[in-house]
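Trainee: Handing you a structure now.
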Amino acid sequence: MGQFINLIVVLSLALSFCLLPDSASAQLRQNYYAKTCPNVENIVRAAVTKKFSQTFVTVPATIRLFFHDCFVQGCDASVIIASSGGNTAEKDHPDNLSLAGDGFDTVIKAKEAVDAVPSCKNKVSCADILAMATRDVIALSGGPSFAVELGRLDGLSSTAASVNGKLPPPSFNLNQLNSLFAANGLTQTDMIALSAAHTVGFSHCGKFANRIYNFSLQNVVDPTLNQAYATQLQQMCPRNVDPRIAINMDPNTPRIFDNVYYQNLQKGQGLFTSDQVLFIDPRSKPTVNAWAANSQAFNQAFITAITKLGRVGVKTGKNGNIRTNCDAFN
């Protein structure tokens, strides 16, 4: 009888392990391509560095592409797929239309560079190239460098419908942010760390116009906005501005990946409601204050968070493959 109970326990443990959302990430590891394409990280870094030298937009565009990819069906490069035939792909969902073309181009150019090496051809996934490129643009813009886990396969589906409700709008409060990140296995600390990617980002005026023109019946301008900053935003984004006009999300060091993002929040210079709420809400404020004062602590938290982000919904075995072209299924 005891043996039977032990067997039940073992089986139930095995089953619970199979159901863990993180089990696919167990195959991720550093130096995954050591035997198949040992120089892959240098090849990708060279391609990314070349793209970076052509335009700084490479940095925020690539980071944002990685985030938008991982939060919808996992880190599987499904966001890069182009719509075709009767299928509208993820990238054509309204929430993804503002993804800058330079992010897609960075991955496609890096993939071409990898596949130009005969021994590496069709050995490295687009999902892994995006993860490496993200690490590289962060380092190129002054952020921390870190070892990236590899071993993802490319996803086999990409639909606009799958994006619904998966990405945080700029109006989110702390509860909404925490809930969405928790659904991807990320903590509040991870969320606050990943939000700092806005230190190098840019935004179209329409994403925050409500904060400077029609916040509420009582306040035309969001009272949590620094007054001088609000005036500056109104000058850069007049009421009937061209919707394609974009401004820096970090008004002080927009081309450096740094902890100034948190110092800006302390001064009421968070561009989105979802940025400024991190300082306003007493549950997240201590973390903002700690990282505003300590760049090393922020860098460490960011590395932890982006590594965890890279494990979300990883495809393995029959659930993925290695695409020949990143923007089309094989």
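Sequential numbering from 1, following the chain as shown.
Glycine too: its Cβ is placed from the backbone N, Cα and C atoms.
What TrEMBL records for 1-26 is signal peptide. Per TrEMBL, the feature domain 'Plant heme peroxidase family profile' maps to 27-330. Feature annotation from TrEMBL assigns disulfide bond to Cys37-Cys120, Cys70-Cys75, Cys126-Cys326, Cys205-Cys237. What TrEMBL lists as site 'Transition state stabilizer' is Arg64. Feature annotation from TrEMBL assigns active site, proton acceptor to His68. According to TrEMBL, the Ca(2+) 1 binding site annotation covers Asp69, Val72, Gly74, Asp76, Ser78, Glu90. Among the features that TrEMBL reports, substrate binding site is placed at Pro168. Taken from TrEMBL, the feature heme b binding site covers His198. The annotation Ca(2+) 2 binding site is assigned in TrEMBL to Thr199, Asp250, Thr253, Asp258.
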Trainee: Between Pro168 (substrate binding site) and His68 (active site, proton acceptor), how many Å separate their Cα atoms?
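Mentor: Checking the Cα atoms of Pro168 (substrate binding site) and His68 (active site, proton acceptor) gives a distance of 10 Å.
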Trainee: What average pLDDT is reported by the model for the domain 'Plant heme peroxidase family profile' (27-330)?
Mentor: 97
Trainee: With every protein chain in view, what's the tally of Cβ atoms within 10 Å of the Cβ of Asp69 (Ca(2+) 1 binding site), excluding that atom itself?
Mentor: 32
Trainee: Measuring Cα to Cα, tell me the gap between Cys37 (disulfide bond) and the residue listed as 'heme b binding site' in whole angstrom.
Mentor: 33
Trainee: If you draw a 10 Å sphere around the Cβ of Gly74 (Ca(2+) 1 binding site), how many other Cβ atoms fall inside it, taking every protein chain shown into account?
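Mentor: That number is 24.
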Trainee: List the other residues in this chain whose Cβ sits within 8 Å of the Cβ centroid of the Ca(2+) 2 site residues Thr199, Asp250, Thr253, Asp258, in sequence order.
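Mentor: Not counting the recorded site residues, we get Val200, Asn252, Pro254, Arg255, Ile256, Phe257, Asn259, Val260, Tyr261, Asn264.
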Trainee: Note down the number of other Cβ atoms within 10 Å of the Cβ of Val72 (Ca(2+) 1 binding site), including every protein chain shown.
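Mentor: Counting Cβ neighbours of Val72 (Ca(2+) 1 binding site) within 10 Å gives 27.
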Trainee: Residues with Cβ closer than 8 Å to the Cβ of Asp76 (Ca(2+) 1 binding site), same chain and 6+ apart in sequence?
Mentor: Asp69, Ala127, Arg152, Leu153, Asp154, Gly155, Gly313, Val314, Lys315, Gly320
Trainee: Using only C-alpha positions, which one of His68, Cys70, Gly74, Cys326 is spatially nearest Thr199 (Ca(2+) 2 binding site)? These are the recorded positions in the record.
Mentor: His68
Trainee: Let me know the most crowded of the binding-site residues, choosing from Asp250, Asp258 and counting other Cβ atoms within 10 Å.
Mentor: Asp250
Trainee: Cβ distance under 8 Å to Cys237 (disulfide bond), same chain, sequence separation 6 or more: which residues?
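Mentor: Same-chain residues close to Cys237 (disulfide bond) (Cβ under 8 Å, separated by 6 or more) are Cys205, Phe208, Ala209, Ile212, Ile245, Ile247.
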Trainee: Around the Cβ of Cys205 (disulfide bond), how many other Cβ atoms lie within 10 Å? Please give the count over every shown protein chain.
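Mentor: The answer is 21 other Cβ atoms.
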Trainee: Within 10 Å of Ser78 (Ca(2+) 1 binding site) (Cα to Cα), which of the recorded positions Arg64, Cys70, Asp258 do you find?
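Mentor: Near Ser78 (Ca(2+) 1 binding site) by Cα: Cys70.
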